[in-house]
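Quick look at what TrEMBL annotates:
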- Lys40, Gly63, Asp85, Asp123, Gln146, Tyr151: S-adenosyl-L-methionine binding site (BINDING)
- 84-111: coiled coil (COILED)
- 27-287: domain 'MRNA cap 0 methyltransferase' (DOMAIN)
Amino acid sequence: MTDSLAPIVAQHYNKIEEKGLEERKQSRILYMRNFNNWIKSMLIKEFTEKIRDEEKKYVLDIGSGKGGDLLKWKKGNINYLVCADIAETSVEQCQQRYVEMKERHKRQRERGQCFDAEFITADCTKERLKDMYKEPDIKFNIVSCQFAFHYCFESIVQARRMLQNISECLKPGGYFIGTVPDAYDIILAEEVDLELLYCKRFEDYYEEKRKVQEGQFLLTKMQALETYPPMHDNQKLMGCDDDYFAAQQKIKALLAEKEQEPIYVGTLSQAEWEVFCMYCVFAFVKKEKEEK
Ligand SMILES: C[S@@+](CC[C@H](N)C(=O)[O-])C[C@H]1O[C@@H](n2cnc3c(N)ncnc32)[C@H](O)[C@@H]1O
């Protein structure tokens, strides 16, 4: 048995190749991936709006991977981003993606400023990030950990190190946000002066955010839902027809309400929906220091 899962995890993520747009479109989990991205967009938007009036907006992204959230942070108008991940190749690709994004911003003379950034390769469950920042006294407004927090639960010592990394440079009143497959253990965060604001199942968060104008707009723009029934002959369903029972019921209900055919609904196959429903979004706020 190996002592630690870290090398296996890092190797796994290092090996995953960057796929082109066309190849990604062929993926069996295309919509689930887009849907997860939509959830993260809504969460990042919710919390970058809360810090909108701060003069400087600093963010730490733990387990940042290949930089799938860089654009979301750009849209959130932050000033500085620290990306940390255990997988060296992912960190390199993340940095490359950031450089391209910044160049595009300049070339296309997009509005505002593109944030500055630094990139750290580290096992965030074992190493102290504060010793690695360019500016060790940096204070973050938001710490984000998307689909990566569960890796710290290999041992309680690692969980505590991760939580220390999350909390020690987070400003009082700053936010710790993330997405996890199982919410039971996140409550440990209360040990490091973090107070739980909420923890919601993806399906509930979806219900809440799809009603908001931006949420509705992004659902379409990000292709977060599959159209049922297929609109064109060349649109192939991700699952078999039985996998779309919920969509079929919805169409029946709409017909009963006298909507005219053809009716198309946005949905996910049953298999993708079941995986999606295992996840939660959460948000903590760092407690203000008590007066002595
Ligand atoms: C499922 S990916 C999520 C990537 C990114 N946050 C996103 O949402 O697209 C999980 C990431 O966690 C990273 N990770 C796993 N264990 C880690 C650790 N101990 N320290 C830092 N990063 C870790 C992996 O390398 C991987 O990039």
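Please read every residue number as a count from 1 along the shown chain.
Quick reminder: no glycine exception, Cβ is built from N, Cα and C everywhere.
Binding residues for S-adenosyl-L-methionine (Lys40, Gly63, Asp85, Asp123, Gln146, Tyr151) extend across at most 23 Å, taking the greatest CA-CA distance.
Taking each Cβ in turn and tallying the other Cβ atoms within 10 Å, the top scorer among the binding-site residues Asp85, Asp123 is Asp85. Of the listed binding-site residues, namely Lys40, Gly63, Gln146, the sparsest CB environment within 10 A is found at Lys40. In the shown protein chains, 20 other C-beta atoms lie within 10 A of the C-beta of Tyr151 (S-adenosyl-L-methionine binding site). Confidence in the coiled coil (84-111), given as mean pLDDT, stands at 94.
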